[in-house]
Amino acid sequence: MVSDVSQTSITGEQCQLLDPGRKKDIYLNNTSYEDGDEYFDKNLALFEEEMDTRPKVSSLLNRMANYTNLTQGAREHEEAENIAEGKKKPMKMPQMGTFMGVYLPCLQNIFGVILFLRLTWVVGTAGVLQAFAIVLICCCCTLLTAISMSAIATNGVVPAGGSYFMISRALGPEFGGAVGLCFYLGTTFAAAMYILGAIEIFLMYIAPEAAIFRSTDVLKESAAMLNNMRVYGSAFLVLMVLVVFVGVRYVNKFASLFLACVIVSILAIYAGAIKSSFAPPRFPVCMLGNRTLSGRHIDICAKTQELGNLTVPTRLWGLFCNSSKQLNATCDEYFAHNNVTSIPGIPGLASGIITENLWGSYLQKGEIIEKPSAHSVDVLGAMNPEYVLADITTSFTLLVGIFFPSVTGIMAGSNRSGDLKDAQKSIPIGTILAILTTSFVYLSNVVLFGACIEGVVLRDKFGDAVHGNLVVGTLSWPSPWVIVIGSFFSTCGAGLQSLTGAPRLLQAIAKDNIIPFLRVFGHSKANGEPTWALLLTAGIAELGILIASLDLVAPILSMFFLMCYLFVNLACALQTLLRTPNWRPRFRYYHWALSFVGMSICLALMFVSSWYYAIVAMVIAGMIYKYIEYQGAEKEWGDGIRGLSLSAARFALLRLEEGPPHTKNWRPQLLVLLKLDEDLHVKHPRLLTFASQLKAGKGLTIVGTVMVGNFLENYAEALAAEQTVKHLMEAERVKGFCQLVVAAKVREGISHLIQSCGLGGMKHNTVVMGWPNAWRQSEDARAWKTFIGTVRVTTAARLALLVAKNVAFYPGNAEPFAEGNIDVWWIVHDGGMLMLLPFLLKQHKVWRKCNIRIFTVAQLEDNSIQMKKDLATFLYHLRIEAEVEVVEMHDSDISAYTYERTLMMEQRSQMLRHMRLSKTERDREAQLVKDRNSMLRLTSIGSDEDEETETYQEKVQMTWTKDKYMAARGQKARTLEGMQDLLNMKPDQSNVRRMHTAVKLNEVIVNKSHEAKLVLLNMPGPPRNPAGDENYMEFLEVLTEGLERVLLVRGGWQRGHHHLFLEHPPAPTSPCHFIPLLPSCQAGGKGVCQNSVGAHLHRAQLPPLSTPTGQARGWYQRDGGIRPNRAGSQWGNPPKAGMGEISQGARHHAVPKLLCFLSLLSWCGRGGRAVGLWASYPRPLFWVQAAWLL
């Protein structure tokens, strides 16, 4: 018997034994029935179909616990070589702890050449106080950066790669690539700096006779030294590259030896400082007056010496006098007036020399190093090569840049995260302890150097005053050679470490594939060694070696590391402030303020040390950032920059929700409706091109399209089509979003797009679509019913509509017009969009050289001269430059052409309806035509996309009777009579009037604008009765006939409130009447009223408001009753008859009957304040709001 407790799964054979009649489960379609294979788990039977895509928790936890997504380090390198040699060893789990894995590597990387070669010089030049401040600021910078790095490193598993991986995964590929390359360049120049330091130790203190280039001239000696640095540095670089190329394991095996050298050297410094307190070492310094003399060529520190009973000149005498053997020789004036004395170079800890070394002594290049407290006769004297001179001009900022590389190397622990047993615990503790240790060493050494060593010796960079010894070596115990040898080997080891880490960092960047031209450096040997990256690193390091000066390379190095640390702090601060759900560091001792302070210190140190290097480093990082952004980094790492964008977008959207945009801030937010062909390609790509030419509006662009089908079945095709549209958007440089909807019917999908696209305040307010060109030739009514349905949905949604006719002839972005006109035909006012569109188009290079011409239509009763002046004034206030022309349209009889065109339209419409009817419906329709004697517009007849036409197939009569034959004959006769009446029909008079308007307008437009590059005109609204849809299409076709490019514009009422500006006279006496389309004013001055809808006007009252923001109270009269109401509240249905009033006192103005201010522009009065009254009227409600316009 099988126990449910002890056994959680059973095999297929066991199932068959337990239940022989059991059939194969229909859900187990991917399981194996081999013996012993477990094909399902009894407790997870509900999820067995999804096991391929949704694994069990146990297997997920196993993979997470053994996550090895790490770049290749030294251990992996050795394993790869062992495998290549056929000595495959079992994989060992990482076992390194905090001390060996993080603490000691950080110590080795932080302690470097600056400690041994430049720290004494920094203390002597800046003084103990300023040197202490320099070291403290730099150490605080790295400590704050380490805290930020610890937070990032403990927020999940950190792969090997150090700061690059942390920054790129925290700030995104753009910042990651830019800072990663800066970090790479910093590491590469660090290799050059270490090599130059090793060469300086070798040529200055170990084997000075090995110099190839020599010079006796003090001015040329420096140049000769630089050439020696270049030659030996290049040789050292080649040697180190060969060592790294042969195998990284050799570098790692000697790392412990190099670290031991560093520790022994530092201990020797402390031992020497302690010993100096009771037995200071003897390193005399020869002084001439208060000037320091070089001890390299002086055997006796005196002008003369006693040999028996004779006083003879010393070698020093011969250096300052014209005769080295005669005491009466002519000597240098300063030499003659000042005594030569010898002072101890290492007075010792108990000497109190620290009081002299507290303050700095910055020197110009070539200036003599002097002891301020020594007595001297102030005479000029000649410049002698035996003086110890300053080799460079020093300043506080220079010292900061030179010292900062000595505190870098804090990323060594994170680089070794793949070798750590518990990286999230070891990295913070080990790194921070290492920084605290090194900070203590640096700060204590600053104090010890100032308290033990003479100031002139401290300022002597190369130890000339102490017979060419390394200055810090003179303090050490038991011998200066401990420091010399230890610093040499530690510097060589640091150089090897840099040449090992830099190529792997470049390889990691290249493998991320965010910078295309670096892909070649992602390749490696069979064992993973980055050969090409190593060669590039060697080439860049050679550039640093050719500089040949440690003091010039160090500031460059500082810039790149400071840039890196700046962005580590930025990443931590940004993630902390955003509080993203994935930000859960195990390291708790961080705060965004600490990261911000660290970032500020990094930025300040960059500009303090070298402002021009800082600018160059930022320009390099910025260029890399923009290059990665331009190439389009297709990496999604959940970074903080995208999180910041998300938070900013959310904040902005919530702010936009507070209310509709002000009229001044309105801009077209486009929803571009594209049509796909059978191959899911965009049918009219020029529509997207036109949308891109409107980008000067700085608004939202949503590209929407509809795919007919079932979403579950066509999901893959929908994704492919969406990608096609996105690629087209990229090609046309359209900045926006793509939205594809899968729907059963096109009209339904378009309705969904119009209703649901956008988010919050970022919703579209304008729909852009193409004109159905072949609607006449198509027998399918869907060719134009979808278009009219879209127009109706857009109108119902209070959106503006742009219909591009002949869109295939619209220009591309690479086809600018050299000249031409953009003609605007302003027939009715529906919000002012006709004025805005040509202005936006002219901002694009395609339309920039075109001129804007605005035409408006005047009737017989209009004053065309005054209209032209008013229109020019209106454009002046809108700040739009355009030519203005008023076209007069006189009343004329309806031409025969118009009558015939209308008749042909109606006959065609009825014929198409007749062809689409079933036989039964055709008979009924023919009888209806015959009975009425005149064809009226039919309702609810014809096919619709949403209602399939029901067809009835005629049944085949197997046998014929006389009655059936007579009935069929009668039906056929009635059908023929109906068709004959169809041909003899008379056109509907309303259609004739509309056709007359379309023909007349078309004649005027073609006459004026037949050569225009683009014609914009008002688009009439669709008929309320759907039966007139086909005629509506014909009217639009006639209206735009003969024009190459037409843009039909229909404004959205919700977009722009319709304004009525009223000027109130001081003392009104009688009402001011406005007759429709007739300028008139009876007691308030002169006024103009243009009402394009021709609504009947009645009297109304509107007094001045009592408060600037007061709510005007309103009344209107309906059926003899007076009803009070408040502005902003709902009125009832518009009055059918009677007087409509908005009143508060004793002023009278005319207001349209239905309160429709579509195109009303009015002035009335002789001064006073202007009051604006605007309205929008969603049926059947009406809102009125009043405000001051001062």
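Glycine is treated like the rest: Cβ placed from N, Cα and C.
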Among the residue ranges 589-606, 823-840, I'd like the one that TrEMBL describes as transmembrane segment.
589-606
Can you name the far-off residues of the same chain, 6+ from the ends of the transmembrane segment (532-550), with a Cβ under 8 Å from a Cβ of it?
113, 117-118, 185, 188-189, 191-193, 195-197, 200, 226-227, 229-230, 233-234, 237-238, 241, 244-245, 402, 499, 502-504, 506-507, 510, 520-521, 523-524, 556
Between the stretches 97-117, 123-145, 229-248, which one has more Cβ pairs under 8 Å with the transmembrane segment (556-577) than any other?
123-145
On average, what pLDDT score does this prediction assign to the domain 'Amino acid permease/ SLC12A' (102-274)?
87
Could you tell me what the rest of the chain brings near the transmembrane segment (229-248), counting residues at least six beyond its ends with Cβ under 8 Å?
74, 77-78, 81, 191-192, 195-196, 198-200, 202-203, 212-213, 492, 495-496, 499-500, 503, 529, 531, 534, 538, 541-542, 545-546, 548-549
Region pair the transmembrane segment (254-273) / the transmembrane segment (427-453), three or more CB pairs under 8 Å:
yes
May I ask for the residues of the chain that lie six or more residues beyond the transmembrane segment (183-208) and have a Cβ under 8 Å from a Cβ within it?
112-114, 116-117, 162-164, 225, 228-229, 232-233, 236-237, 240, 405, 408, 462-463, 468-470, 473, 484-485, 487-488, 491-492, 494-495, 498-499, 501-502, 505-506, 509, 537, 540-545, 547-550, 553-554, 556-557, 559-561, 563-564
Summarise the domain 'SLC12A transporter C-terminal' (685-802) by DSSP state, stating how many residues are helix, strand and coil.
54 helix, 25 strand, 39 coil
For the transmembrane segment (427-453), sequence-distant contacts whose Cβ falls under 8 Å of one of its Cβ atoms, 6 or more beyond its ends:
98-99, 101-103, 106-107, 110-111, 115, 119-120, 123-124, 127-128, 131-132, 135-136, 139, 142-143, 146-147, 149-150, 153-154, 158, 266, 269-270, 272-273, 276, 280, 345-349, 351, 353-354, 357-358, 406-407, 410, 413-414, 417, 420, 471-472, 474-475, 587
